[in-house]
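Have a look at the structure below, then the notes.
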Amino acid sequence: MTQEVDTVERAAATPDHPQPYRELGLKDDEYERIREILGRRPTDAELAMYSVMWSEHCSYKSSKVHLRYFGETTTEKMRETMLAGIGENAGVVDIGDGWAATFKVESHNHPSYIEPYQGAATGVGGIVRDIMAMGARPVAVMDQLRFGAADAPDTRRVLDGVVRGIGGYGNSLGLPNIGGETVFDASYAGNPLVNALCVGVLRKEDLKLAFASGAGNKIILFGARTGLDGIGGVSVLASETFGGDESGAGRKKLPSVQVGDPFTEKVLIECCLELYAADLVVGIQDLGGAGLSCATSELASAGDGGMRVELERVPLRAANMTPAEILSSESQERMCAVVTPDNVDAFMAVCRKWDVLATDIGEVTDSGRLEITWHGETVVDVPPRTVAHEGPVYERPVQRPDSQDALVANTTASLERPSTGDELRATLLQLLGSPALCSRAFITEQYDRYVRGNTVLAEHADGGVLRVDEQTGRGIAISTDASGRYTALDPYAGAQLALAEAYRNVAVTGATPVAVTNCLNFGSPEDPGVMWQFSQAVRGLADGAAALGIPVTGGNVSFYNQTGTTAILPTPVVGVLGVIDDVKRRIPTGFGTEPGETLILLGDTRDEFDGSIWAQVTADHLGGVPPTVDLDRERLLAEVLTAASRDGLVSAAHDLSEGGLIQAVVEASLAGETGCRIVLPEGWNPFVTLFSESAGRVLVAVPRTEESRFTAMCEARGLPANRIGVVDQGPDGGEPAVEVQGLFTVTLEELRRTSEGVLPGLFG
């Protein structure tokens, strides 16, 4: 039996008809507000639209009041290079020579726990389409991954699926994966974080925006067919009794995780680029979260009129789909374009060339309304702004948790520290052989890092570097970082430390940092303590970007990351984009470019171990105060590194972060397959020098012929620079080693074996 379609006319005539708005996540007052907006009860299709568009994920209703601070702290000077910012599909910045870069990071956390492979794969696909929608060619991806404890039973299932999903989708698209992070912590058990970043490049004049203007212009849906995947809770609308099976209009339970097809998306990318090149698109929007509900309402809301859509024209891949399901489907690999009538034939011809299904489903109107019909009957008639941009805004209670004082007071001062050479050596190997610091090659080798041929630096480097222009060598650098442990101790400082590290990681490649994006992963916004963490992190990130003089161009918020009442560590992920005028002068990570290089430590080392990897691995300790943040010092470091790169004064560079100086030394030695001898300055405490996680520090290798020039430049700029060793190939025929003079020596073979065997042993 076919369910009667709930039309606008029927809704007006049946004001008391019961509707499952609570099951769809709407609160009583939100439902009443919808009735007030419409002057009647919503139809099932309208209810589906409002429920998904007013969700936390789409509306930012709990975070919006705090996110405004980004705009308040962005100066006109910071906006000078920004071509598109917060509110667009992705941020876009001018990178010189007529080029622009667009980048964004988004979460796909919850789907990646339910179905790790498809959750992660479609996370990559979704962020790639955001970049496509700006008029850009996607050129690379990165990822920030968080899993439960490495030895927890479920971590293997989740990690295996997530890594295969990211690699399977990204590799099939032909996009290099040029970096990221993988972190294990018990707080992420049952709630992994899968944050995918994509970067694209375009000529400035090719920028596209998401708006529907020009009455009479056509709305064309193109890409994959629309199915039942990704609908989730909206399926309760398919039955008057909220029951039934999955085969017809009474189906109750539908898949909440989307299913991706990277080969369809690969063709869609090329199709879009040809459409852009032929100037056949007025406005464009990808179909991601909330599907057609989002695309139609956002295009209409951002445009200058309204929109009429004939929903029965939407190509389907499942029988008996209801209007609510069609509007809410999150089937992947779909785009929605606004096209002038004169260009429709040419648009369709390009789609046919690429074998991309394209359908004219409606047109732009001057009514100021979003009207959607189903076989001639109106099922949606709403003001589009009320769906897309004027949803509820909450000022949720914000309260610093009472437990925060005890957490901060519980410092590492009482922990036993290694002091002898043997103890320091054992500590190094303990940290290097832990899931916290071991090699990620088991994961990253499943990704293609060099496809497309424009990757200049990738995994093992602090930031990824890509060539943009073959003729001039102009390129971009990008890094993404986060520290849930530091953010738990001090959310304001933790967010700034993540920003500072991403900024520094871009700078050590020789590039100049120019823009910021973010993905803010937190627990429930209904918890005042979580909202305190969130609000502090936002302010820290915004103030930090202002201090560094680079704009936050966009971002994403992911709330409700918790299992039961246990929230994840607050994890603000920060991405920083940089520009390098010629990728030939990029600075690699590995030692050994030139024989006998001098190793110089830039920055100040302090006794800072609270929240450190050392405390975590050796004592399972989290407490105290995170390292000091000095953003003026970070800017100075970046200026020195850029100048050193331009003048050829530095042959390698590596930032200091987790694990401190000795971890950086080991990584740079392994990357360059060469040994080194560390000589600690007189009076320096060996443990503090080797393992402190003080921020604002970089280890550089300087050719012997340039040492005096480089140190003079640092001195002139007021940047501490201490000679701490030399690159040493080792005795002829002997095994290269890392030697800390007077304390210990470890061969590269032992370091490599210790580091590289951990993850294969756990997950191989």
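The count begins at 1 with the first shown residue.
Cβ atoms here come from the backbone N, Cα and C positions, even for glycine.
Asn518 is the residue from Asn89, Asn518, Asn521 that Swiss-Prot records in the ATP site together with Tyr60, Lys104, Gly555. Site annotation for substrate in Swiss-Prot covers Ser107, His108, Asn109, His110, Gln258, Glu330, Ser331, Gln332, Ser558, and the matching candidate from Arg129, Arg539 is Arg129.
Annotated range for region 'Disordered' in Swiss-Prot, selecting from 1-23, 576-598: 1-23. Neighbour counts were taken at the CB atom with a 10 A radius for the binding-site residues Glu106, Asp130, Asp286, Glu330; the maximum falls on Glu330.
Taking Cβ-Cβ distances under 8 Å and a sequence gap of 6 or more within the same chain, the neighbours of Gly555 (ATP binding site) are Leu67, Phe70, Ile86, Lys104, Val105, Thr517, Asn518, Cys519, Leu520.
The ATP site is set by Tyr60, Lys104, Asn518, Gly555; from the centre of their CB atoms, other residues of the chain with a CB within 8 Å are Ile86, Val105, Glu106, Thr517, Cys519, Leu520, Gly554, Asn556, Val557. Counting only residues at least six positions away in the same chain, the Cβ atoms of Gly119, Ala120, Thr122, Gly123, Gly126, Val194, Asn195, Ala196 sit under 8 Å from the Cβ of His108 (active site, proton acceptor).
Classification of Gly555 (ATP binding site) by DSSP places it within a strand.
Counting residues per DSSP class in helix, strand and coil order gives 6 helix, 0 strand, 17 coil for the region 'Disordered' (1-23). When the binding-site residues Glu106, Asp130, Asp286, Glu330, Asn556 are screened for a Cα within 10 A of the Cα of His57 (active site), the ones that qualify are Asn556.
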